[in-house]
Every structure is written in structure tokens, then in C-alpha cells.
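Trainee: According to Swiss-Prot, the feature topological domain 'Cytoplasmic' maps to 1-18. Under the heading transmembrane segment, Swiss-Prot lists 19-39, citing sequence analysis as support. Taken from Swiss-Prot, the feature topological domain 'Lumenal' applies to 40-191, supported by sequence analysis. Swiss-Prot lists Asn41 with the feature N-linked glycosylation site, giving sequence analysis as the kind of evidence. Look at Swiss-Prot and you will find Ser53, His92, Asp133 tagged as active site, charge relay system. Swiss-Prot lists 177-188 with the feature region 'C-terminal short (CTS) helix', giving similarity to another entry as the kind of evidence.
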Amino acid sequence: MLSALGGNLSNARQSIAQVLNFALVLSTAFMLWKGVSIVSNSSSPIVVVLSGSMEPAFQRGDLLFLWNRGERAEVGEIVVYNVRGKDIPIVHRVVRSYTEEDKKLKAKKTKAGLPYVAPQKLLTKGDNNLADDTELYARGQEFLDRKEDIVGSVRGYIPGVGYVTIMLSEHPWLKTVLLGVMGLMVVFQRE
């Protein structure tokens, strides 16, 4: 009787160890993501190109690394932005930039002895598109605000690696299969 109880206790310990190991992997991945987000100053420091609008510079499925520490975006720079009200990252090139001075804010900051920098407005366009992005922006929006809309500027990429993400979003059943396989691996893994 005692040996049967000891065997069940050993199995319970193994199961708990497997669950804790899986939780450790997930929490490590989350901490790495948050760390990269803080260093890059971007809410989404790694994005996948979802369309062919930036060909030939970037292909669909390329994995992009973003940096959002610059105060200004230059014409010709490739940026990633989110349309207000939608959470879909768009990768396009800055084709026009201008600053819009807010006289009330400037007076307020000058009076307080703080430096005033006029907000930068940007117009973007995909390299493979005929027209600029004004049709993609939120209703009534003609330009992107550098501080509010830009997720980051592209600083590097790995070709094709992000295609797995595209496959998982286009074929939802693949997520189920992948999660099932991962779950079975955790359950049947023996150390």
C-alpha cells in the first residue's frame, strides 16, 4: 500500500515539475519581450510584414526589428504605425514630413522655462503602392503624428521568419494543432 502511494506521489511531483517548467518558459519569454520593449521604447519591437506593399524592400513574412528612440522621423525612413482605432501594424516609408506649431502650448512651455518642440506630422506610402496612405489613416486624419501613431523605425530584419505568424493567423486550425502538439509534448516529456 505504501509503495503505491509513493508511486502516485512521484507522478504528482513530475506533473507539477512539468507545469512549473512550462510556466517558467512562458514567463521568461514575457520578460524578454518586455525588456526589448523598454530598451527599444516601442510597444511592439518586433513585427511581421503582412502584405506586399513594401516590395522589393521587404517581402511578406519578413520579421522586422523596431527602434523608437529617435525624436524625429526623416523622409525616406521606413516606419511602422498603427491606424487609430485598429491594432494592425503597417510598414511604410515616410514620403513627407512637416511640423505644426501649437502657439498655446509653445507659450505655456516657454513661460515655464521648458523647451518646446513642435509636433512632427508624417505622410507615408508603401514602396509598391501607387498612392500615399491617406486612405488608410483614420477618418479625418491626413497625416500621422510622430509621437502618437508611430510604433517605431525599422532598424533590421530577418527575411521570411515571420511567415509562421501569417500562416497561424490565416489558418486558425493550425493554432489548435500546434497547441495540441505542444501540450502533448509537455504531458509526455520525461526527465
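For all residues, glycine too, the Cβ spot is worked out from N, Cα and C.
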Trainee: As a test of the contact definition, list every same-chain residue at least 6 positions from Ser53 (active site, charge relay system) whose Cβ is closer than 8 Å to its Cβ.
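Mentor: Correct list: Val91, His92, Gly126, Asp127, Asn128, Asn129.
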Trainee: Taking residues 6+ outside the transmembrane segment (19-39), which of them lie with a CB under 8 Å of any CB in it?
Mentor: 45-46, 186
Trainee: Within its own chain, what residues at least 6 apart in sequence put their Cβ under 8 Å from the Cβ of Asp133 (active site, charge relay system), listed in sequence order?
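Mentor: Listed in sequence order: Ile90, His92, Leu123, Thr124, Lys125, Gly126.
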Trainee: Note down the number of other Cβ atoms within 10 Å of the Cβ of Asn41 (N-linked glycosylation site), including every protein chain shown.
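Mentor: So the number of other Cβ atoms within 10 Å of Asn41 (N-linked glycosylation site) is 13.
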Trainee: For His92 (active site, charge relay system), name the DSSP secondary structure in the helix/strand/coil scheme.
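Mentor: DSSP assigns His92 (active site, charge relay system) to strand.
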